[in-house]
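A.B. asks: Next up is a structure, given as structure tokens.
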Amino acid sequence: MKLLAVRRLLRIQRVVIRYRLDDLLFDLPLPWFLLALRFALPWRWFPRKPLDLSRGARLRLALQDLGPIFIKFGQILSTRRDLLPEDIADELMLLQDRVPPFDSQKSVALIEAQLGKKISDVFSRFDIEPLASASVAQVHAAKLKTGEEVVVKVIRPGLKPIIAQDLAWLFILARAAEKLSADARLLHPVDVVSDYEKTIYDELDLLREAANASQLKRNFEGSPLLYVPQVYWDWCRPKVLVMERIYGIQVTDLATLADQRTDMKMLAERGVEIFFTQVFRDSFFHADMHPGNIFVSTVQPWSPQYIAIDCGIVGSLTPEDQDYLARNLFAFFKRDYRRVAQLHIDSGWVPAETKLNEFEAAIRTVCEPIFEKPLKDISFGQVLMRLFQTARRFNMEVQPQLVLLQKTLLNIEGLGRQLYPDLDLWNTAQPFLERWMRERVSPKAVLGNIHSQIEQLPHLANMTRDLLERMSQPHAADPPAPWHKRKDDWFLRLLGTAHLGGGAVLAAGGPLHELGHWPAGIMIAVGLYLIVRR
């Protein structure tokens with residue numbers, strides 16, 4: 001193992017030298033003793049032919065040379081435009097996760113070991129030649145004994161030790177960067193690598209991907225917007241996934257879509273509707289919607305339907321984050337920057353002690369130039385990216401789900417405008433957001449909220465005692481927590497439920513009915529405020 005680690009280190013060193021990445025390092029504001037190291041590196045003692053490549057291209061080519069784990073890390077980095085300069089992020093977007101297929105006999109052996117059966121006992125046909133191959137898995141076409149056409153996804157054998165080794169080096173580099181550079185510390189490189197570690201290990205569990213696909217399929221069951229292939233659970237294992245084989249047109253194959261007389265405007269608008277439906281209705285969204293994972297069914301070209309595959313990466317938002325995201329977008333398009341700043345503070349995305357006026361001014365400086373464009377040309381993804389970049393300067397906590405959301409939105413926008421250049425994203429999304437916000441305060445939603453709070457009523461006495469005990473102990477030095485992270489919030493919502501119940505009793509002719517309906521109205525209003533306030 002140590003020998004492998006040393007060989008890997010030498011490989012990394014050769015790539016660093018080949019692409020002059022040490023030049024990029026020494027261009028950073030490092031301490032003097034580290035800058036002096038440039039004279040101690042033997043390969044810098046001799047003249048070197050200059051590379052006619054940008055810094056982003058050099059980094060991209062280096063990651064490609066280092067192999068699939070580094071390629072995937074670069075792909076994830078490319079979505080962190082709140083952290084990276086645009087020229088580097090643009091280059092990393094070009095990274096392609098394409099690697100040669102592994103030996104198909106190994107694939108067969110792994111499938112048989114996972115299923116505990118011979119291939120011929122499960123499939124009437126199994127194509128040895130893979131349909132596709134990537135860094136984590138490869139896919140074979142097959143036909144079940146019961147007659148269904150399927151695809152079989154198989155995890156590459158021996159992948160975990162390779163991933164562990166490469167992650168170890170990424171952590172070493174990240175920790176070194178945090179120790180050596182104040183600028184690097186602001187980017188939290190160790191946190192970035194930790195997020196990647198979770199993502200890559202999640203992708204190794206195909207049962208997780210199968211569960212994600214089943215959930216997404218259930219959310220859009222019978223919908224003309226999106227189709228998700230069926231999972232055949234009887235034949236799914238941690239390293240094997242069997243799904244319905246789909247037939248569609250790649251979403252970027254514009255010529256074929258045009259030949260089928262596809263309604264491109266509707267297709268683009270449906271992409272936006274799918275995104276906002278996933279985020280706001282379901283709070284569960286496919287977070288890897290790049291062109292390779294999206295196809296189109298043109299059985300009805302006037303009503304085209306998207307087909308989504310590869311649900312290995314998904315995201316979700318809390319109800320509070322959904323609410324603040326929607327309100328942020330509305331405030332931004334009204335150019336109410338103070339409201340945007342206040343929402344960031346209220347949500348806990350930036351520290352409570354942030355100076356509102358300074359934060360508002362920073363948001364205005366960054367976002368006002370965006371409105372030089374026509375409204376239809378404004379990118380939601382760019383808006384979120386600019387807001388996150390600004391908030392990072394005010395110590396915004398890393399929000400992994402919001403980063404996934406921004407990446408997904410940028411993908412959807414890019415595809416939508418490729419399909420239909422005149423796509424007006426705000427005009428398409430605004431009615432959906434307005435309807436969602438109205439539904440948040442509808443009687444049905446309020447009653448549902450009340451029901452969930454009533455379930456907590458048995459704990460009301462204990463919660464009241466705990467709250468009074470906490471209030472009796474001074475914590476002046478502690479900054480106030482964001483409202484949606486306070487435990488006391490449950491108590492206040494329960495109090496609201498009690499007010500609603502009391503108001504209903506009075507309105508029905510309770511003990512104070514001789515005073516008229518105004519006490520009941522006040523109690524109901526206070527109850528509603530405590531329950532749905534933001």
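Including glycine, each Cβ sits where the backbone N, Cα and C put it.
Feature table excerpt (Swiss-Prot):
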- 23-43: transmembrane segment (TRANSMEM)
- 125-492: domain 'Protein kinase' (DOMAIN)
- Leu131, Ala132, Ser133, Ala134, Ser135, Val136, Ala137, Gln138, Val139, Lys153: ATP binding site (BINDING)
- Asp288: active site, proton acceptor (ACT_SITE)
- 490-510: transmembrane segment (TRANSMEM)
- 512-532: transmembrane segment (TRANSMEM)
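Could you tell me the structural context for the features on the list?
C.D. replies: When secondary structure is read from DSSP and collapsed to three states, Val139 (ATP binding site) falls in the strand class. The Cβ of Val139 (ATP binding site) has Pro130, Leu131, Ala132, Ser133, Val151, Val152, Lys153, Val154 as same-chain neighbours under 8 Å, each 6 or more residues away in sequence.
A coil conformation is recorded for Asp288 (active site, proton acceptor) in the three-state DSSP classification, outside any helix or strand.
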A.B. asks: Does anything in the same chain, at least 6 positions from Ala137 (ATP binding site), have a Cβ under 8 Å from its Cβ, and if so what?
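C.D. replies: For Ala137 (ATP binding site), the qualifying residues are Lys153, Val154, Ile155, Arg156, Leu206.
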A.B. asks: Among all the protein chains here, how many other CB atoms are within 10 A of the CB of Ser133 (ATP binding site)?
C.D. replies: 16
A.B. asks: Is it possible to get the count of other C-beta atoms within 10 angstroms of the C-beta of Ser135 (ATP binding site)?
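C.D. replies: I get 21 for this one.
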A.B. asks: Give me the mean pLDDT over the domain 'Protein kinase' (125-492), rounded to a whole number.
C.D. replies: 82
A.B. asks: Please list, in sequence order, every residue of the chain apart from Leu131, Ala132, Ser133, Ala134, Ser135, Val136, Ala137, Gln138, Val139, Lys153 whose Cβ lies within 8 Å of the Cβ centroid of the ATP site.
C.D. replies: Pro101, Pro130, Val154
A.B. asks: Just counting, how many other CB atoms are there within 10 A of the CB of Leu131 (ATP binding site)?
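C.D. replies: Its Cβ shell of radius 10 Å holds 15 other Cβ atoms.
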A.B. asks: Please report the Cα separation of Ser135 (ATP binding site) and Asp288 (active site, proton acceptor) in Å, rounded to an integer.
C.D. replies: 15
